[in-house]
Amino acid sequence: MTELTENSALMRRLKMQVQRQLKRNLEQADRYFNKTFTPPTVSYAVRGVKAGVAYLQRNEIRFNPVLLAENGQSFIQQVVPHELAHALVYQQFGRVQPHGKEWKMMMEQVFGVPAETYHCFDTQNVVGKQFAYQCGCQTHLLSVRRHNAIVRDGRRYLCKRCKQILTSKDNLA
């Protein structure tokens, strides 16, 4: 089997596991609140270092396919309930603090998982190109977006520590 078909088969399996986790957590919430929640739509369109994003008004959850593939079960056990909790909290309570008491309750009491707000996955394979900039005290690595804002728009960024304007080192990190 080629690497591409192996990766495709792996992603199919992982996406099925994501669906099973979503179904399991939805059933837990349905029982806990004695109601039927509307399942969110799911896509795999998140890039960069974010593992997942919940779009509350659209009732949509998006996951990072690279981090899913690299972290498998850990991703499914942590990120899937995390993002689903956001969607269900919005359905149940409306607009509240993103990681507030309602979200924590959904994670811990309803799903029975720790209410962690950040993942600890290795993001080396999802971090985009970075550009080296210098101030008076250190080198800063800026994203393509910030670099382009400097080059195209003349935007200036200051070092939080020494308050000097960052200048390009003319090399890629």
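Glycine is no exception: its Cβ is also placed from the backbone N, Cα and C atoms.
Listed in TrEMBL for this protein:
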DOMAIN    20-169  domain 'SprT-like'
BINDING   His82, His86  Zn(2+) binding site
ACT_SITE  Glu83  active site
Inquiry  = Excluding near sequence neighbours, so keeping only residues 6 or more apart in the same chain, what lies with its CB under 8 A of His86 (Zn(2+) binding site)?
reply    = Ala54, Leu56, Ile61, Pro98, Trp103
Request  = List the residues of the same chain that sit at least 6 positions away from Glu83 (active site) in sequence and have their Cβ under 8 Å from its Cβ, in sequence order, or write 'none'.
outcome  = Gly52, Val53, Ala54, Ile61, Phe63
Note = Using a 10 Å radius on the Cβ of His82 (Zn(2+) binding site), the other Cβ atoms enclosed count 25
Message = Taking DSSP as the reference, which of helix, strand or coil describes His82 (Zn(2+) binding site)?
response = helix
Ask   = In the domain 'SprT-like' (20-169), how many residues does DSSP assign to helix, to strand and to coil?
value = 64 helix, 26 strand, 60 coil
